[in-house]
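J.: I am attaching a structure below and will ask some questions about it afterwards.
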Amino acid sequence: MLCQALCRFGQKLVRRRTLEQPVAETARSLTTLDIVALGMEHTMNIIVYILPGEVARDKAGPSIVICFLVAGLTSVLTGLTYAEISSRVPHSGSSYLYSYVTVGELGAFITGWNLLLVNTVYASIVTQAWILVFDNVFGNQIFQMLHDSISLNVSRVFADVLVFFVVFLVLLFIGFLTWKIRQLPVVTKVFTLMKIIVLIFVIIAGFIKGDLHNWQLTEEDYIKAGLNDTSGLGPLGSGGFMPFGFEGILRGAATCLYTFVGFTFIITRVEEAKNPQHSIPRGIVISLFICLLVYFGVFSALTLMVPYYQLQRGSTLPEAFLHIGWTPAYYVVAFVFLCLSINSFDFIFHIQRVIHMMAQDGLLFPVLARIQTGTKIPIVATVIFGIIALVIVFFFGLTDLLSFMSLGPLLSFSLLVFGVLIVRYQPEMHNGGNEAEVQDGNREVVAEKLTLQGLLFPGSSIPTPLSSRVVYVCSSLLVLLIILLCLVLAQWPVLLSGDPVWISVVVVLLVLITGLTGVIWRQPQSSTPLYFKVPALPFLSVLSIFMNVYLMMQMTAGTWAILCVWMLIGFAIYFSYGIQHSL
């Protein structure tokens, strides 16, 4: 009885949502160029302003360009996964919907619950970024006056929160006013083109006024700059191109990854694409590669123009022009990018979409999706998550928030890559012909026993229930071993010391991972024709999961604390309500 109860409970956790082809076709007007522009517009946002001050100054130095290459490669591998799922599931949605279709209910809840917090944290970061940019542009006068007038009656801390709240409401109002306008493909392409022009201007200025010596700084340069306490350099690092070493590159790459997450917004417009099976995969991959090249050029130019230890928090990108004496360019770049970053306030619409989908599926309380008549805004959810944003600002610093902006997506990416790995080896059961093949396969499997030879040399050329179970078990073990390997590799100073015990553990884990990957590779894959499939499966998927998990290991304790507390709240809701009311 207990075994049957546990089996039923486990089946509830992995039950998948089935999607039907949409009956009412929406107006399909988006071309591949529109899709590329959409992904780039959401990727090149205001985060670019504040990220260098947090990553280059305190984590990576000039090697921030390597951080972006690592983060970009990780995102490209995940983008291939999104491209295949979009070919397989031509429905507008989010990572939540894709997880529900591939991984199952528990994975979908984890993904959706993380999306809610990520968008709430993003609201806090965007508001802080606007405050910092305006504060710097106007010589620290506007918000100083607000602080002085507010602080007459309340403490400095509550004055900061009140300023944040006022700016948050103003920006939210602007976001609502411009929402419909920014949905037009022409507006999206114009905004994207203007952003690229501004960033290309930054690149050109950097290579004209940059100094290669800024990538080769030494302690003598610190002394000349007035930082003569070389015995306690600490936050400045040891100089050179990698002042914080290899560990700094990994920590920086983990923080930089969120800058590439904009491509996930493409899947919210799938049903508006003229040919989604072609344009969505192309749009995802092309937009990622273009953004990777642009970011590499921008941050190369920035670190060549300004020594990394002189980068200031806030509007780092425009302040580089003050350092080289181009004051007019400082104001132009700041104002243009602020005006073009209105899409940064789409977070409320993404929160609304995810809440509505999860409440419709029965995983969240219906009251959260209650829409206010006339405004079409989920009032209850907006108020609750607005309060959460204020609490986050009160207790956590900008560094922890930026790191979490990558931690949440990394977890969702890993689940989706795992899901594609599973689905590719599943028997097809969508139409009559495929069902007949599966039934034939079932009759063969009844008499077939799992053997070592069968693992390496399956007797069927199409996926069967037995081969799919083999892939599911091997993939689950593979993820567990990758997590263990990343935990061990996180102690890389011990490995470099030559400790035979730790090295032996790494070798054993690598052998097991290689063996399981080989078993999965030998199983028959689905032959369903798709416009795009992840190449070199399962090897690229294993590499993608490894990179995602290893970057997750670079996060700070404060970042993990946010995730753990949030997930405990989510699991309490899911296991007390969602699992019983799921549709």
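Quick reminder: no glycine exception, Cβ is built from N, Cα and C everywhere.
Since this is a predicted model, take the numbers as computed values, not measurements.
When I checked TrEMBL for this same protein, it listed these features:
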type	residues	note
TRANSMEM	63-83	transmembrane segment
TRANSMEM	157-178	transmembrane segment
TRANSMEM	190-208	transmembrane segment
TRANSMEM	248-268	transmembrane segment
TRANSMEM	280-309	transmembrane segment
TRANSMEM	329-349	transmembrane segment
TRANSMEM	377-398	transmembrane segment
TRANSMEM	404-423	transmembrane segment
TRANSMEM	470-495	transmembrane segment
TRANSMEM	501-521	transmembrane segment
TRANSMEM	530-551	transmembrane segment
DOMAIN	532-582	domain 'Cationic amino acid transporter C-terminal'
TRANSMEM	557-577	transmembrane segment
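Help me understand the surroundings of these features in the structure.
T.: Beyond the transmembrane segment (501-521), the same-chain residues lying 6 or more positions past its ends with a Cβ under 8 Å from any Cβ of the stretch are 421, 425, 455-456, 470-471, 474-475, 477-478, 481-482, 484-485, 488-489, 491, 494-495, 538-539, 542.
The average per-residue pLDDT of the prediction over the domain 'Cationic amino acid transporter C-terminal' (532-582) is 88, rounded to a whole number.
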J.: Could you tell me whether the transmembrane segment (470-495) and the transmembrane segment (280-309) have 3+ CB pairs under 8 A, leaving out pairs under 6 positions apart?
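T.: No, the transmembrane segment (280-309) does not contact the transmembrane segment (470-495).
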